[in-house]
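Following: one structure in structure tokens, then a few remarks.
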Amino acid sequence: MQRFTRPLFGQVLIALALGIALGIWAPDFAQHLKPLGDGFLKLIKMLIAPIVFSVVVVGICGAGELKKVGRVGGKAVIYFEVVTTIALALGIALAYAFGPGHGMNVDPKTLDASAMSSYMATAKQVESSGVAEFLLKLIPDTFVSGFMKGDILQVLLVSILFGCALSLLGERTKPLVGLIDQLSHVLFRMMAVVIRLAPLGVLGAVAFTVGKYGAGSLKQLGFLVLLFYAAVAVFVVVVLGGILRLAGFSIFKLIRFLRAELLVVLGTASSDAVLPSVMNKLEKMGIKRSVVGLVIPTGYSFNLDAFSIYLTLAAVFIAQATNTPLALSDLLLILGVALITSKGAHGIPGSAIVILAATLSVIPAIPAIGLVLVLSVDWFIGIARALGNLLGNCVATVVIAAWEKDIDRARANAVLDGKLDIIEEGEAAARGHGIQVPSASTLPHA
């Protein structure tokens with residue numbers, strides 16, 4: 001039992017079970033535990049912006065030529081668009097194959113629109129903002145605005161510009177680059193301390209959610225929820241697994257490597273909670289910092305694979321539930337609009353419902369009021385969205401690093417095979433005993 005509870009993933013698993021139990025048997029008390037989950041997420045979000053800044057800046061300075069940075073970014077954008085399109089198409093295909101909305105026979109006029117008012121207001125703002133306005137929002141008002149708001153895209157832009165400027169100045173900036181590098185190590189150590197609180201955060205978040213909503217809200221729309229979970233599983237195993245296999249790695253080994261982070265996401269329904277930890281682990285796995293620093297933060301806004309599946313699946317579900325026929329032109333319009341609206345969804349409050357509302361508002365055939373149907377199960381669906389999005393970005397980072405030959409395959413294989421333990425507490429224990437963690441050059445080639 002001691003060996004099971006000591007690793008972080010074991011503690012999170014126990015907290016998850018306790019949260020469910022409290023939510024079922026002591027719902028009133030469980031709802032008072034919400035601050036535990038909120039506090040944990042706030043601690044994590046506090047560290048995200050400075051970690052992204054330090055990792056990206058040091059990564060760019062260590063990448064050598066700026067052309068290489070541009071090449072990595074270009075490949076990332078191409079990868080994101082191709083994989084996102086596959087995810088959107090999968091959502092439509094599964095909706096038509098299984099018809100989760102057929103037989104509900106919902107009259108849109110009978111639905112209560114009051115619950116959707118705040119979401120629709122935000123959706124109109126998203127819809128009205130064109131490409132030019134979206135690009136302008138990437139530019140912060142001041143150097144620190146992105147840090148203060150926690151806007152990852154703005155922080156990323158500042159980081160890239162700062163890193164490029166340091167790289168162009170050459171040797172004279174080495175002391176500053178070294179200082180920022182040391183800062184990143186301090187931030188990651190802070191993150192390691194905060195992540196130890198994950199069991200408390202998961203306990204609070206799960207207990208509150210189960211206590212407030214229970215499992216009853218799943219009954220009416222249970223098939224849609226199950227279908228979405230199955231869709232994400234198929235996408236991860238078949239699509240992402242196939243892409244990762246072409247790069248020479250196994251999706252199942254990657255999932256095992258990230259099991260602690262996935263359990264935290266399972267409990268909090270937020271991939272933000274593990275962003276710093278994932279960046280740290282991928283770098284320790286053998287991927288160059290420049291690739292991790294560019295792909296992961298960008299992917300959090302532009303590579304939302306599971307979110308993309310949800311957009312098209314939910315849109316067709318609402319059409320089926322309200323007996324709204326869709327022509328081929330409507331499906332192509334859904335695909336095209338969702339390909340645009342899915343970008344930059346990260347950071348918008350209630351982003352899934354808001355972006356779905358913005359998508360449906362452009363498609364007159366589907367009644368937007370049908371969003372009320374999926375509102376009650378959005379939290380449950382959000383768990384699979386967060387898990388799928390996280391795995392999608394981790395796979396993207398590994399694949400792009402493999403394309404660029406910016407991954408130490410010997411080290412990566414040793415880590416994924418379990419031959420090299422890189423979890424934070426293992427390294428801390430090794431340093432405490434004066435033991436050096438093996439470098440990539442000392443590992444046997446797989």
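Just so you know, glycine gets a Cβ as well, placed from its N, Cα and C.
Feature list (source: Swiss-Prot):
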| type | residues | note |
| --- | --- | --- |
| TRANSMEM | 7-26 | transmembrane segment |
| TRANSMEM | 46-64 | transmembrane segment |
| TRANSMEM | 77-99 | transmembrane segment |
| TRANSMEM | 152-171 | transmembrane segment |
| TRANSMEM | 192-211 | transmembrane segment |
| TRANSMEM | 221-243 | transmembrane segment |
| TRANSMEM | 291-313 | transmembrane segment |
| TRANSMEM | 318-340 | transmembrane segment |
| TRANSMEM | 353-375 | transmembrane segment |
| TRANSMEM | 381-403 | transmembrane segment |
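Through the fold, the transmembrane segment (192-211) approaches residues 8, 11-12, 14-16, 18-20, 22-24, 26-31, 33-41, 43-44, 47, 260, 263-264, 266-269, 273-274, 276-277, 280, 379, 424, 428 of its own chain, all at least 6 residues removed from its boundaries and within a Cβ separation under 8 Å.
With a cut-off of 8 Å on Cβ pairs spaced 6 or more residues apart, the transmembrane segment (221-243) and the transmembrane segment (77-99) reach 3 or more such pairs and are scored as touching. Among the recorded stretches 7-26, 46-64, 318-340, the one sharing the largest number of Cβ pairs closer than 8 Å with the transmembrane segment (77-99) is 318-340. If you look at the transmembrane segment (318-340), the same-chain residues 6 or more away from its ends with a CB under 8 A from one of its CBs are 81, 84-85, 88-89, 92, 95, 99-102, 104-108, 308, 311-312, 359-360, 362-363, 365-367, 370-371, 373-374.
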